[in-house]
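Listed in Swiss-Prot for this protein:
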type	residues	note
COMPBIAS	12-22	compositional bias 'Basic and acidic residues'
COMPBIAS	734-750	compositional bias 'Low complexity'
REGION	1-31	region 'Disordered'
REGION	727-758	region 'Disordered'
TOPO_DOM	82-113	topological domain 'Lumenal'
TOPO_DOM	158-292	topological domain 'Lumenal'
TOPO_DOM	383-758	topological domain 'Lumenal'
TRANSMEM	61-81	transmembrane segment
TRANSMEM	114-134	transmembrane segment
TRANSMEM	137-157	transmembrane segment
TRANSMEM	293-313	transmembrane segment
TRANSMEM	362-382	transmembrane segment
Amino acid sequence: MAVSARSARSPPDSDKVQKDKAGQTSGRRQGSRMGKLLGFEWTDVSSWGKLVTLLNRPTDPASLAVFRFLFGLMMVLDIPQERGLSSLDRRYLDGLEVCRFPLLDALQPLPLDWMYLVYTIMFLGALGMMLGLRYRISCVLFLLPYWYVFLLDKTSWNNHSYLYGLLAFQLTFMDANRYWSVDGLLSARKRNAHVPLWNYAVLRGQIFIVYFIAGVKKLDADWVEGYSMEYLSRHWLFSPFKFVLSEEMTSLLVVHWCGLLLDLSAGFLLFFDASRSIGLLFVSYFHCMNSQLFSIGMFPYVMLASSPLFCSPEWPRKLVAHCPKRLQELLPLRTAPQPSASCVYKRSRAKGGQKPGLRHRLGAAFTLLYLLEQLFLPYSHFLTQGYNNWTNGLYGYSWDMMVHSRSHQHVKITYRDGRTGELGYLNPGVFTQSRRWKDHADMLKQYATCLSRLLPKYNVTEPQIYFDIWVSINDRFQQRIFDPRVDIVQATWSPFQRTPWLQPLLMDLSPWRTKLQEIKSSLDNHTEVVFIADFPGLHLENFVSEDLGNTSIQLLQGEVTVELVAEQKNQTLQEGEKMQLPAGEYHKVYTMSPSPSCYMYIYVNTTELALEQDLAYLQELKEKVENGSETEPLPPELQPLLEGEVKGGPEPTPLVQTFLRRQQRLQEIERRRNAPFHERLLRFLLRKLYVFRRSFLMTCISLRNLVLGRPSLEQLAQEVTYANLRPFEPVGEPSPSNTDSSNPNPSEPNADAVHSEF
């Protein structure tokens, strides 16, 4: 990956050093159009030897050091939060019966106290990386635990977590401690020394690939047509655009098209000197918005920290030069960097040029091979076909960010006793701490295998496991993603072969989305609709809740037969026909046509509607009494409407209690919405303080256990209770959400089936 012209050159003082030692200037390069545009001449890449010399050109270390410091700081902040140190005991509690999803089944978590030690090593490595203290060792101390934790749980994989591991891997081989580091204070050889150009080239190439491949993946028809993030435009951040655009056009033009153009162009805008200021403005605005739109941890800030890598490497020195002199004494050096053995210096023809050594050739080879590998991996799914589902590959290294949104309407897990034939149902997600397994065949296979090991403890022998999972991707019909007739315990799965029990995504039905949106918009606010598509030969068994007093099914395409189980009646529906479904009963919908059937459930939650009407009446009555238009005195059971709480007297009705709880909740939301900035900031900081406080205390407890042994259970319980305290938060504040908020204690497997109403 090349660098821009200004980025490739050293600062003025550094140029002087090179001229004194090498006896040549870069005047010719400055005069060449290619040199000005790309930072190198064609002759610099005309042979392997010249390319090695180019990639090892001495470059100012200042910008690289600033990125090292900021990236290390982001990782220090990330470990207690998104890496899960604050909730580690909930995820890896010893003896917890839970199904896990590592990349390799042989990869298992260590005992809890040892997991805290792993995280401690990772934290110290990130801290050492940030400070540039024993830099190479610190990078390794961070890198190895990070990838161990990352590979331990596929359900937590995402693009930015993968990117962190890549950046740490790159920094391990770089000389990022040659400026603004503790190592530089301890070693004169490392203090303010040149770094080879490939250090910048690899990082810039990585960030360029992230932007550009993300843009290429957004050329998907769903993104271009505005289906991927359809509801994102409702966020308050897009309010300014709605002064001139409708919400639909804001979603299409601003969210989707502008997002596509930004990803495709960001790398180029940052690369070239003439457009860099515009690129910095756009990507900074983009990542600041993302920090508010999504819960993606440190990712926006890491990307913000990476943007200055595209600027001239000496920009920190220029910044320091504009600071007050007293402050300059505390800031990094402004003097020109000293020569380094890691670089190749050009000399005069009389003296002969410096010949690149093995380390220089290895650095150049690493740069080329690494960037080629990063360009290949997002399109390598033809090799790992077992991980392909409706989208290609495990979510992470493909850079297909936000392209696919899913909704799950119905999930049913059925088990059959292999000896007795007895059928039973499991709560979806039992024995798990994540929901991502529903979309990935490899995780489903791991989940079924785990359940087959756990169910014999509950008197289910030789269990067979069947999954009926309905998913809608990017506003399509809800449809099955896996064949519900296949026992996943015995089903074959290979990482290198297509999954035979994966159902195809019904792409032929995608044009229906416009019609489906028209149907939705034609319904009133109290009517809900769910669109279903099913395969020939399969049927859907569903239960209509008693709360849904007005439920009907209407056929859109194909032919279905509806069986009312309790009444033992069948009715066949042709296209356009509909029928009423009784509440509180099961029914089955069989697809009879040779092609997939499409139908929709239309229903009204009559119980919820009646409650809303009653609450609206109480609100109206309260307002009438307060403004004096209601002359009749309120009965005693309704007095809490005026007081806002129960103060003696008769017990209010459940309806009044529900009204009071809603009023209190609305008042709290309004109070928070109108809270001054300093109050919001304080609440945010206190929640973060709790996360770091709990992380620190639980780590101390575990390290003590490893060194001195575990105390009594009573003492441990007291220590954990103390770690869970929130002494800094005001009374009544809700608990902050943890990294993993799922229930660590799964339900019993013989619980009643959970039926999701359509």
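Even glycines carry a Cβ here, placed using N, Cα and C.
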Residues of the parent chain within Cβ reach of the transmembrane segment (137-157), under 8 Å, 6 or more residues beyond its termini: 75, 83-84, 100-104, 107-109, 118-119, 121-122, 124-129, 164-165, 168-169, 171-172, 394-396, 433-437, 440, 442-443
Cβ-Cβ under 8 Å with the transmembrane segment (61-81): same-chain residues at least 6 beyond its ends: 119, 122-123, 126-132, 142, 164, 167-168, 171, 174-181, 192-195, 199-200, 203, 297-298, 301-302, 305-306, 308-309, 311-317, 332, 337, 691-692, 695, 739
Cβ-Cβ under 8 Å with the topological domain 'Lumenal' (82-113): same-chain residues at least 6 beyond its ends: 119, 122-123, 146, 148-149, 151-156, 161, 297-298, 431-434, 436-437, 443, 446-447, 450-451, 454, 691-692, 694-695, 698-699, 702-703, 705-706, 710, 720, 738-740, 744-746
